[in-house]
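Chemist: I'd like to ask some things about the structure below.
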Amino acid sequence: MNVDFDIDSILARYNFDSSALIQILSDVQDKYGYLPREVLEDISQKIEVSLSKMWGVISFYALFKLKPPAKYNITVCQGTACHVSGAKRNLEYIESKLNLKAGEHSPDGKYSLETVACIGSCALAPTIVINGKVYGRNTVKTIDKLLSRLEEGEKK
Amino acid sequence: MSEEKISIIVDGQKILCKKDDTYLSAITRAGIEIPTLCHMEELKPSGACRICVIEVEGAPNLVAACVTPVRPNAVVTTYNERIHRARQTNIELLLRSHPLNCIVCNKNGVCTLQKLAYQYVPKSRLSKLEGKKPTTDLAEVNEFFVLNYSACIRCQLCVRVADEIQVCNVLSMQDRGFDIYPSAGFGRSFEEAGCVACGNCVEVCPVGALVSKSIKTTKSRSYELKKTVTTCTYCGVGCQLEILVDPKQNKIVNVQSHRDSINGLSLCVKGRYGWNYVHHQDRINTPLIKKDGKFVESSWEEAFDLIEKQFKKIISESGPDSLAFLTSAKCTNEENYLMQKLSRAAIGTNNIDHCARLCHASTVTGLVKAFGSGAMTNSISDLTNDAEVIFIIGSNTTEAHPVIGTKIKQAVKNGKTKLIVADPRKIELSDYAEVYMSQRPGSDVALINAMIKYIIDEGLYDEAFIKQRTEDFEKLKENISKIDFSSLCKIANVEEEEVKKAASLYATAKTAAIIYAMGITQHTTGTDNVLSLANLAMITGNVGKPGTGVNPLRGQNNVQGACDLGGLPDVFPGYQKVTNEENIKKFKDFWGVDKLDNKEGLTVVEIMNEAHKGNIRGIYIMGENPVISDPNVNHVREALEKVEFLVVQDLFITETAKYADVILPGQSFAEKDGTYTNTERRVQRVRKAIETEGSRLPDWKILEIMLNRFGIEKHYNSPSEIMDEIAQVTPIYGGISYERLENRGLQWPCPSSDHPGTPILHKDKFSRGKGKFHTINYLDPDELPDDEYPLILTTGRNLFHFHTGEMTHRVAGIHQRKPIEKSEINVKDAKKLGIKTGDKVIIESRRGKVLTEVKVTDRIKEGVVFMTFHFKDSAANLLTNDALDPLSKIPELKVCAVKVTKK
């Protein structure tokens, strides 16, 4: 990958202070969509936190991603309201449609699938989030529509 | 302020506490036991396991004793039904996710969880604990230990010991909840994350999760192993080890640290995992005599007869001074004493020396001139606890003295100490330094004089100390006033600002210590370098207090002792000059001989030179390997070829032993008793842990027989009797006996049997009376780079290997980890030469050339090449210069001119 990462501006926000590690990682992820290994190594040097210590933080919080996001990141809410209204069925359906398990990326980099405990949109349950946009009241049918819309978008 | 007294009532008994006590520390000090699982005295408490819960009156819940500070007058219960139930629950929760396979586990009998389960969990509950056990894909298997994730109880001791003791930051807990595990992260192995294989995390693991591989070779259970406390045989730190021997096989199966010691929890990879050479198949079991160019096994009788005949022949033909003795910094004090007794009393020559000549001869010469005593002035513990500033110059401490290195890292990390590092390479400690200076190899006098000049010019010197305690300051001041600060910095090739920063940091600290090693000593100006450091310490009053001083770190386990006991050509034991008639008389009477040589003998390099010329005809070498360790090795080889009769006493047929006429099989540190003296002058016991094999004799016994053969009729029943003899004639060892060494040893000078030993030298008065300033000016190294040989070669050590590698190359794990030399070259130089990491190159000097693999790095100064001297296939000492420091006769191993070409 040939990206020139500039993280000094992020680190400067926090005065290169290692106690701000979580905010720093979060800002880096906002900027690049994930936490590139080269960036982490650079941060490690600059704020004097070993990669292992960063790993402890990164692996603790589900929000941190080490892989570049897929083109379409699909998140299936598993909160109580969604759960009782079919979240599990929806997830299994998407898994079989895309031939992906939750937590995986498709090999072509098009889809990634994950679950989340609750997104707080319980009134719309069961919900699915695609690239940050929330879709509510999902059934197998609406999912079919959503996915074919994504496929069509690809063809254009 | 008087110390506040706090008391608490524990189980109805009144206990006095200190202000910063926790319930656990106060109560265990009073002798009441509270069980713990995640606690260790050396580490900050974490309160993770909740096994140490106790009841404190007024507190609604049970409290974890390890993390709760004492409250005055608290009423505490350490055990009752409620506490039992709480502990039982926590242990059962751990057992639910822990394999119940004690019967086949390595830790059976020494496992903390097992012990607690036995106390707290009734049998009837066991069947309920056989639920689902967690599984993970994680794995860590390396050359030395295994992390068996299924047994992990997530106490985090390994992570904490890595952070707080080893300061390596290799581990953290991965993920969360039920699935957390210690991990190096990002799918890396421990090694990839920077693990130096110290194994300290293995030592603290309370269960069978982190296990040394060697323990799996035992036929006995862990609780059946025989434990012997002894002193490590690698570097001069003198760590105390517990050797665990499988009595069924008479084999060492594990080594752990002896915590009540200078090293505490810490050991390094060599101490913990570097012992397998003891059982190596290459060990020699019987004397060997060279017949028709081949070594043939012989009896001891035959070997001794031959040595006696040949040595007597040489003495009768050309006198005792045509013989020379190399004693050993690896052998015990008792053996060194007997070796010099053999040379002086039995043979009649002062031609005795050892490898201290190659490491700290200039220290002994320099510090004796300045202070009156040539040893480390302070102790490891006060350096790493009381020094506000430590100035490290020419010591790659984390590689060469690893446990002192980790203690320095701890001191910096805990905010106690600031570091100044001066080294041509960006050594690991430079990452911890407040000021880092990369001086040109061989320019130390210029750098130190620049610091002294700045301190004097800015008025930062300690006038009172200089006036009361020292002499010749005016001469120093006058000389310094004539030198220009900028040109000194230019010679040393360091930034002026950095030097100023370093000088004022060092001079203004309340306590500032200097630590140095061979980067200072191994120069033709070695003595000058040492004297300059003594000047620096004295102008700032940094001598004679905790956390100060001039502290040479000695290289070998017993190089201090070998010097102390007269393994030098100019002194009897205890640095008593051989040229002094009173000393001669004293030793003549004591040893019962008519005559002792009263002229100084030859040093190591001189012995080889004279052998070359044919003046030295016979050499007796005990536990030394000059063919790898000495400078200009080709010259040494030629010298040894010329010697008529060479005796080598060693564990293996070393490169040197190949030239021998007779090889005598000695015993390793694990097979014999004795003492070593570590770098801080601490005399410590070496204890026999295994029975020897073959017909090997302890080295002291061999020397006793040699003494008898050459007319000294003295018999010793044990090394303890030799120490008693040493104490009678060696004032600094006067109060030392095995009985008194039992616990933590004694630091010399210890003149009488009621003397407690001396942790800090020159406290109220220098050994020589007043500290003497010397006027030192910069001189060029003997050989400087030129058009033909444009680069400077400097040599050093690597953590994993020791000295000439005869021991460490025979330890499978270490050899696997570091099988070959990887010389270092700067990125810019490499670019010019078209070299990249992994290339094979030829490094050539005026004296020889070697083939080596190269590592390109920006951590070495431009124009400098670095090699270790551990590898006989890339022997750095084929290249090094044997030019000598005129005062101490130390060769210039640290600077020579070379050229590098890609192969």
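Even glycines carry a Cβ here, placed using N, Cα and C.
Automatic, uncurated: that is what TrEMBL annotation is.
From TrEMBL, here are the annotated features:
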type	residues	note
DOMAIN	B:4-82	domain '2Fe-2S ferredoxin-type'
DOMAIN	B:82-121	domain '4Fe-4S His(Cys)3-ligated-type'
DOMAIN	B:186-215	domain '4Fe-4S ferredoxin-type'
DOMAIN	B:225-282	domain '4Fe-4S Mo/W bis-MGD-type'
Chemist: Do any residues, 6 or more residues outside the domain '4Fe-4S ferredoxin-type' (B:186-215), come within under 8 Å Cβ-to-Cβ of it, and if so which ones?
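Modeler: For the domain '4Fe-4S ferredoxin-type' (B:186-215), the far contacts come to 37, 40, 98, 105-107, 111-114, 140, 142-149, 151-153, 155, 157-159, 161-162, 165-166, 168-171, 222, 252-254, 256-257, 265-269, 272-273, 276, 402, 406, 799-800, 813, 817.
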Chemist: Just give the helix, strand and coil counts over the domain '4Fe-4S Mo/W bis-MGD-type' (B:225-282), going by DSSP.
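Modeler: The counts are 9 helix, 21 strand, 28 coil.
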Chemist: Just to be sure I understand, if DSSP states are collapsed into helix, strand and coil, how many residues of the domain '4Fe-4S ferredoxin-type' (B:186-215) fall in each?
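Modeler: Final tally across the stretch: 8 helix, 3 strand, 19 coil.
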Chemist: What is the three-state DSSP composition of the domain '2Fe-2S ferredoxin-type' (B:4-82), stated as helix, strand and coil residue counts?
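Modeler: Taking each residue of the domain '2Fe-2S ferredoxin-type' (B:4-82) in turn, the totals are 9 helix, 21 strand, 49 coil.
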